[in-house]
Amino acid sequence: MKNNSGNNAPKGTSGRKPAGLRGVLRFVHRWVGFPAGLLLTALFYSGLLSLFSADLQGWMQPATLTQAPLAPRALEEAEALVHHPDSKSSDLQASRHWKATPFLNLPQPGAPGLHLWQYDGHVFRGPALDPASGARLAGQTVAGGAFFVTLHDSFHLRAPWGSLLVTVAGGCFLVSLFTGLLLQWPRLKPAFLQFRPYGSAHRSWLDLHLLAGTLAFAVLLLTGVSGTFLAATDLLPEKMQTRLTNPPARLQDQSVLTPAPHTLPELVTTGAALWGRGQNGFVLFSGSGATLYRSDAGQFCPMRSHVETAGRVTTARRCSLYGFMRGLHDLRWAPSTIRWLYGFCGLAGLGVLASGLILFQKSEARKAAAAPARAPRWLVGLYQGAVIWALAGFPLATLGLLWASRLPSPLSDPVLWQEEVFFTFWGTSFLLPLLSWIFSGAPENTPRSQILCWEAVLLPLSLLGLGLPVLDFITRRPALFSTPYSAVLWGTDLAGVLTGLVGASVLLHLRRSCRPCPKTPGFLS
């Protein structure tokens, strides 16, 4: 007799089939990918901006976009400023205060500024100098592109917590990447390059998730492996780090120049003769003299060949594993075309993350609507606020940082003010959607309540992005409108406008899709 007891079993008990391997993969992909995706969006955003850190530095500090060639007088003035920091500039503190060695960042192709910097653990601080005279350029100190590099490396957290968080996020990214590949492998070929934007919302987001992940899989894999390796290296003991990051003596060639370049102008001239024009990176000052390092842009692996004022030249013969991973991840050697291609792959990665987060949030919202007792209102709002914070909060905070770098600082420390603006905008972009969800007065899981959450962030995002060219036009010196580096300024303005247009388009699309909606108080009501 046929047993029909399974058909009579209540739902969710003995009638449920075992999950199996595919169910386990789906569970891991969802619940590892969602929390990690919230952090990975910040890593992808900051990684994209780190690719163009020199351009961002020029936009925040437009006075450095000069055409003057580097003169010996400027080098002598910079060296005098290092030996007597308190007498000529309050921005460059004595090394005993900062516990950081000062260095002179030399002009390079695409980054014509001359900077005397010290690293405070987060950003580079110090004056920008005129390459012709060595005089300090007008304008306040800025956080610069190094702010996003540090954010990408450690989230601006103390060691080892920042590197640990990045390592865990990178490992979760690789797990999500491979579980997603295994889940879609049987239907990967028929679904390849299939995108249905006019289908159902779930189908469209899923198609975008699969399409972007398939097209950029190779780059995402290389980026994830190299980034996780570099972050994990920072967690090793100091002796192991030194052994891994610095090439051993047997892989280095050393020679002595005669006569030795005793002065800083002679040292810079010697570096140009050894490595070629535009290959000088930075000069590191110490008690025994100065050391000129080759630019990382001149080679795939940052092997840091250098020449000292004593005449000793050190050149690495072979690239280490750490140097290979650093060159693969940072692309400091790459021309602009490769960096732009890498950037588009990063945008595809953001598309994968954004579609995955939205699919998860919508899935949990549907479950909450079907069974309100299993998903409380605050949890649904928490998911909604987290997704909005991850996708729109970082661009909003970045625009806030750009605005703060051009506006006068109310604090004595402009860099501290700019950092506070960034993190205030970033944190507020999570609180505002959450509060809008709680106090909206709209029924749960309705389009109106979701619009109130999104408009809390998209409205200021659109205003700041569309207003960025106006700010640049007002605060830019007239002499900078016709320089060869004005493309850096206009390019950043264009990126801000595009960001504002995307935010405004998303907001208008949400409002159109909501018609007719119940009228409730909101930011645009």
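The backbone N, Cα and C atoms fix where each Cβ goes, glycine too.
Computed from a predicted structure; not experimentally measured.
The transmembrane segment annotation in TrEMBL covers 31-52 (among others). Long-range contacts of the transmembrane segment (31-52) within its own chain (CB-CB distance under 8 A, at least 6 residues past either end) are made by residues 145, 148-149, 151-152, 155, 165-166, 168-170, 172-173, 175-176, 179-180, 223, 227, 330-331, 339, 342-343, 346-347, 349-350, 353-354, 356-357, 360, 386-387, 389-391, 394-395, 398.
Annotation source TrEMBL lists transmembrane segment at 161-185 (among others).
Residues annotated as transmembrane segment in TrEMBL: 206-232 (among others).
Positions annotated as transmembrane segment by TrEMBL: 340-360 (among others).
Sequence annotations record features per position, and here TrEMBL assigns transmembrane segment to 381-403 (among others). Panel annotation: around the transmembrane segment (381-403), residues 37-38, 41-42, 45-46, 49, 59-60, 143, 147, 353-354, 357-358, 360-361, 364-365, 418, 421-426, 429-431, 433-434, 437-438, 450, 453-454, 456-458, 460-461, 464-465, 468, 471, 492, 496, 499, 503 of the same chain, lying at least six beyond its termini, place a Cβ under 8 Å from a Cβ of the stretch.
If you look up TrEMBL, you'll see 423-440 (among others) marked as transmembrane segment.
Positions annotated as transmembrane segment by TrEMBL: 452-475 (among others).
Summarising the annotation, TrEMBL assigns transmembrane segment to 487-510 (among others). For the transmembrane segment (487-510), the residues of the chain that approach it from at least six positions outside its boundaries are 55-56, 58-59, 62, 65, 392, 395, 399, 402, 447, 450-451, 454-455, 458-459, 461-469, 472, 476, 480, judged by C-beta separation under 8 angstroms.
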